[in-house]
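Q: Sending over a structure as structure tokens; questions will come in a sec.
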Amino acid sequence: MANSKYEYVKQYELDDSLLPGCWIVVRIDGKGFTKFSELHGFEKPNDKRALDLMDECAKEVLNEFPDVRLAYGESDEYSFVLGRSTDMYGRRASKIVSLLVSCFTANYVAKWAAFLPDTPLRSTPMFDGRAVCYPLDSNLRDYLSWRQADTHINNQYNTCFWALVKSGKTPTEAQATLRGTQTAQKNELLFNEFGINYAHLPEQFKKGSVVLRRKTMVEVKQRADGTPVLRERNLPTVLHTDIIRDEFWNEHPQLMAP
Ligand code: GTP
Ligand code: MG
């Protein structure tokens, strides 16, 4: 074979398959979104349009890849959970990560104008990605709890920080005011100084976004008389809910199923 003398190079392609029997979590994160959000005038600390765009892209990832059973997102990041027994692309890490990242990024660009119609896209959004294996159900629960706790901590801090800056403090002064403060003190500061009740802020900002499939009635066609024909479909749905407590997992037992 004319090609055979070159074929040995294939041996350099190492196996990168992810451990069998483990949960696979792929977390993607926007590259340089501090700058990207400035460039596009995102509202501080949370821009609902940008967060809705992230949620929409995550839904598209679930539409495209049936093996992704759950996603959790906040700020410029999203985590995608694949079941323990998935055989998607032979569990090859680079294949899975690169496809999820490119699916998300392509949708981010394609749907940008629908979510930020008055803001032209002025740079190319990019996302990095990594895959991590978790052997125990409790590891997966702890991972997701870690991300949601992070959402709360960041959101509370950023809400205080930007309220102080918008009221005239410099970023350094705002940082100094917040240094060492506990949750309750931050809530008091928001309420007493700015009349903001933290509990009343949008759930999307406080809890982040969960995407899972839910039975939904959709119109599949219309009868001759114009009445719709509805069918039940399992469609990706976004929730802004607590995923740390057991209630969520008891309500959605299919998420932890083997
Ligand atoms: P790398 O991920 O290391 O490339 O850096 P990064 O600049 O993306 O920072 P990181 O991922 O740690 O943090 C995300 C950043 O995105 C935040 O610090 C914010 O500046 C920005 N960001 C994300 N969502 C919003 C938003 O809704 N509004 C605003 N104003 N900024 C946001
Ligand atoms: Mg980032």
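Glycine residues also receive a Cβ, built from the backbone N, Cα and C atoms like all the rest.
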Q: Check TrEMBL: it lists D29, G30 as binding Mg(2+) 1. Then name which of D76, D87, D118 it lists for that same site.
A: D76
Q: With an 8 Å cut-off on Cβ distance to the D29, G30, D76 Cβ center, who else from the chain surrounds the Mg(2+) 1 site?
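A: Near the Mg(2+) 1 site, the remaining chain residues are I28, K31, F33, S75, E77, F127, D128.
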Q: By a simple count, how many Cβ atoms lie within 10 Å of the Cβ of D76 (Mg(2+) 2 binding site), its own Cβ left out?
A: 20
